Each structure stands twice: as structure tokens, then as C-alpha cells.
Amino acid sequence: MDLVVFLALTLSCLILLSLWRQSSGRGKLPPGPTPLPIIGNFLQIDVKNISQSFTNFSKAYGPVFTLYLGSKPTVILHGYEAVKEALIDRGEEFAGRGSFPMAEKIIKGFGVVFSNGNRWKEMRRFTLMTLRNLGMGKRNIEDRVQEEAQCLVEELRKTKGSPCDPTFILSCAPCNVICSIIFQNRFDYKDKEFLILMDKINENVKILSSPWLQVCNSFPSLIDYCPGSHHKIVKNFNYLKSYLLEKIKEHKESLDVTNPRDFIDYYLIKQKQVNHIEQSEFSLENLASTINDLFGAGTETTSTTLRYALLLLLKYPDVTAKVQEEIDRVVGRHRSPCMQDRSHMPYTDAMIHEVQRFIDLLPTSLPHAVTCDIKFRKYLIPKGTTVITSLSSVLHDSKEFPNPEMFDPGHFLNGNGNFKKSDYFMPFSTGKRICAGEGLARMELFLILTTILQNFKLKSLVHPKEIDITPVMNGFASLPPPYQLCFIPL
């Protein structure tokens with residue numbers, strides 16, 4: 001009996017403590033629904049369609065509101081004005097990376113995506129500079145993407161026009177582009193080492209994006225004590241880390257500081273230059289984690305966008321016909337598309353932008369955090385508070401994009417048929433934490449899609465009206481439903 005009383009008292013104290021901690025901060029933070037003890041507002045959120053839940057809350061509490069995902073407050077920014085004010089106008093104050101316990105457990109704050117403070121600044125600066133040195137925005141990386149696009153075309157020809165699921169083959173191309181930047185060499189699509197590498201990367205991205213991981217991130221104690229797919233992430237990451245450290249070792253043995261070949265070489269040279277500095281951020285641990293970030297952010301997201309783009313082109317054959325007419329007129333059939341062509345292909349450029357806007361791949365992006373105590377609008381947000389931005393609310397803003405739920409390249413064309421930029425276009429997020437590989441991803445999407453459409457007619461297995469383009473929401477990303485198509489050589 002004494003044990004029962006003790007447990008009851010303990011539980012009551014925990015609940016009262018939770019209620020006190022939540023109520024003590026609510027006078028300063030933006031408004032929001034009343035949280036339950038311990039679990040917060042978790043039961044009020046649809047983990048498979050978080051962005052819709054945010055839209056519903058914004059109607060009740062305005063564009064800046066607070067949710068408790070577990071016992072900690074999270075500030076939500078909904079709509080273009082709130083997102084712009086935070087991430088662009090006050091970018092430095094919102095440049096922290098918000099809480100992501102599962103990533104913190106396996107990556108331990110290394111790399112560029114989940115790091116903070118000086119480490120993040122150093123790794124991001126180095127990554128951007130190295131991508132430029134390797135030819136980002138120049139011919140060097142463009143040549144690699146063009147080569148990969150042609151290899152992809154050859155693989156698609158092997159299907160001989162028969163029905164196929166494009167998931168695997170569209171994953172190979174972006175992964176190989178990253179491999180060529182990191183290791184200097186690409187792999188054959190059937191190479192065993194390449195297949196294992198791709199499988200581990202893709203599996204980790206899928207698990208990290210799953211609803212179960214959103215639960216684990218809200219209740220970190222589950223990570224160590226509950227069975228589940230999250231344990232597979234640790235095993236996969238350890239495999240990838242071991243693989244990358246072996247590659248780094250090979251690079252060390254053949255390094256020529258006067259002639260860097262790839263990302264690893266540039267990092268090792270930088271490491272030599274700063275090895276006299278105490279607490280230098282350029283450790284092998286940081287290198288392995290940064291490479292892992294480049295693979296994770298640069299393969300699955302691009303391949304999913306490509307896969308969704310082909311589905312939309314099947315659904316809207318009139319759009320496909322206009323794009324292919326533009327390719328025939330500007331590029332022809334006797335050379336590969338190049339980035340210089342894009343400025344002469346406004347409809348194709350608009351189509352690719354519309355794909356990214358429409359699919360809304362990462363509805364809430366990765367969490368931010370405020371780097372100091374700040375006053376935002378009329379609210380006080382304490383240092384370290386996690387901030388989530390609803391990119392969906394920006395990309396699907398009906399004032400900027402009339403009929404936002406419709407796929408229409410006209411959203412990015414003016415009355416003269418010329419390409420029209422939009423400040424609301426932020427599929428890569430915006431501000432200080434905008435995706436470091438944005439330029440590479442845009443290049444891949446343009447060159448790979450135009451090369452495919454230059455060489456093939458896309459044939460659906462069903463009538464376009466029967467094609468389902470409804471996204472499969474998995475909690476973090478919007479994925480296309482499974483489908484098959486035929487690539488008919490032109």
C-alpha cells in the first residue's frame with residue numbers, strides 16, 4: 001500500500017511540475033492551445049499531416065503560436081510574413097538548429113545540418129566554398145551532372161519501353177553526383193558497394209522522416225527504452241561512418257595538397273592548415289558527419305522531386321508537350337541540355353519551379369532555434385526555444401499563387417510568357433539555414449528532367465484522369481504515391 005501511495009504522490013508531483021513549467025512561460029510566449037501534462041499538445045496534431053494541423057491552429061491563434069510537443073514549447077511560424085520576418089529580417093537570431101533528439105544521439109552535433117554555433121558556421125562556410133572550388137555554378141560540376149544524366153538515359157533505354165517503377169533508377173543519379181563530388185568517381189548502377197551505400201542512406205532518410213520518429217523526437221526517453229525502427233538508424237549510421245572513414249584513410253594516403261581532387265581532399269588540406277589551432281572544428285568526425293549530411297540532404301530529396309515531377313508530367317500531358325516543344329526548339333536532339341539553356345526555356349523553368357511548389361516536399365523543413373532571448377512581435381521567446389516554420393503556408397499561399405492546390409506552371413509565368421520569380425518560392429527554406437546544396441539541386445532537376453524529356457516520351461499505364469497525384473504524407477515529407485510508367489525512346 002505504501003508503494004502505491006508513493007507512486008501516486010510521485011506521479012502527482014510530476015504532473016504538477018509539468019503544469020507549472022508550462023504555465024510559467026505561457027504569459028511570454030505566443031498563444032496556443034492548452035497543453036496536457038507531459039504529452040503537451042501531441043494528441044491534437046495529425047502526425048501524418050502536420051502542416052494541415054498548423055493551418056488549423058493558425059486560424060485560431062494567428063500566424064505565430066506555441067505548441068507543446070511533449071513538455072517543451074515550440075513556436076510555430078505560419079505564413080509568408082512571419083517566416084520572412086524571422087528567417088530573413090532577423091536571420092541571425094533564428095539561425096540555430098532546433099531540437100532533433102534522434103539526430104543528436106547519432107551525429108552528436110557534428111556536421112553541417114544539425115550543428116550549432118561556431119561549428120555550424122565553420123562547416124557551412126567550408127562546404128559552400130568547397131562546392132564553389134569544385135565548380136558549383138561553373139562547368140565542372142555541370143559536366144558531372146550532364147554525364148550522370150546521360151548514364152541515366154542509357155539505363156532507361158534498357159527498359160525497352162516496358163512498364164517500370166522509376167524509384168530506384170531515379171535515386172541512383174543524384175547519389176552518383178554526390179559520390180563524384182565527395183570521392184571523385186561515380187559508380188555503376190549495379191555496383192554492390194554503391195547499392196549498399198544507397199540503401200543505408202535512403203533507409204535512414206525514410207526512418208528519420210517517419211511519424212514514429214516525430215514521436216521519438218517529442219519524447220526522447222523513448223529512444224533508449226523502446227524497440228522500433230530508430231535503432232536501425234544507429235546501425236546504418238555506424239556502417240556509413242566506417243565506410244567514409246575508410247575512404248578518408250585512402251585519400252590521406254594519396255593526398256596531393258597542390259592538386260585537390262574532391263571534397264575530401266579539400267577538407268584534409270584545410271585540416272593541415274589549421275591543425276595548430278586548439279579546438280579546431282576540422283576533425284575527422286566532423287568530416288564524416290558533413291559527408292553524411294551531403295548524402296542525406298542531396299540524394300533522397302532530389303530523387304523524390306524527380307519522381308514526383310514525372311508523375312505530374314504523366315498527369316498533365318499538355319504541360320509535357322509544351323516542355324518537349326521548348327526542348328526541341330532550344331536544345332534540339334544532337335547535344336545535351338546545359339544550364340545556359342535555362343534562360344531561354346521559361347516554360348520548362350516554370351514547370352520545375354511549379355513541381356517544387358506543388359509537391360511541398362518538406363512541409364515544415366527542419367526545426368530552427370533562437371540563438372538568444374528575443375522579443376518577436378509582442379512576444380518573448382527564450383534562447384534555445386525550438387521554432388518550426390510552415391513552408392506549406394508559404395508555397396500554397398492563395399494570394400501569391402491563385403488556386404494553389406492546382407498544378408499550373410503559369411504560377412511562375414508573367415503575361416508575356418516570361419519566367420516570373422516569386423519571393424514565396426522557398427522549398428529549400430530561406431535565410432541563414434537555407435539548404436547549402438540548393439544550387440546543385442536546381443542544376444540536377446533542370447539537367448536530368450530536360451535530358452529525360454529530350455530522349456523519351458512518357459507513357460502512363462492508365463488514362464491521365466485516373467492518375468492519383470495525392471501525396472503520401474509520412475510526417476516529415478510529402479512523397480508521391482507508387483506508380484509505373486513506360487519510357488518510349490524518341
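Residue 1 is the first one shown; counting continues down the chain.
Keep in mind that glycine also has a Cβ here, set from the backbone N, Cα and C atoms.
According to Swiss-Prot, the feature signal peptide maps to 1-25.
Annotation source Swiss-Prot lists N6-acetyllysine at Lys249 (among others), citing a large-scale study or a structure entry. The 10 Å shell around the Cβ of Lys249 (N6-acetyllysine) contains 10 further Cβ atoms across the protein chains shown.
The secondary structure of Lys252 (N6-acetyllysine), as reduced to three states from DSSP, is helical. The annotation N6-acetyllysine is assigned in Swiss-Prot to Lys252 (among others).
Secondary structure at Lys375 (N6-acetyllysine), taken from DSSP and collapsed to helix, strand or coil, is strand. The Cβ of Lys375 (N6-acetyllysine) lies under 8 Å from the Cβ of Ile381, each of which sits 6+ residues away along the same chain. Residues or ranges marked as N6-acetyllysine in Swiss-Prot: Lys375 (among others).
Per Swiss-Prot, the feature heme binding site maps to Cys435; the stated evidence is similarity to another entry. For Cys435 (heme binding site), the same-chain residues lying six or more positions away in sequence with a CB closer than 8 A to its CB are Ala297, Phe428, Ser429, Ala441.
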Secondary structure at Cys435 (heme binding site), reduced by DSSP to three states: coil
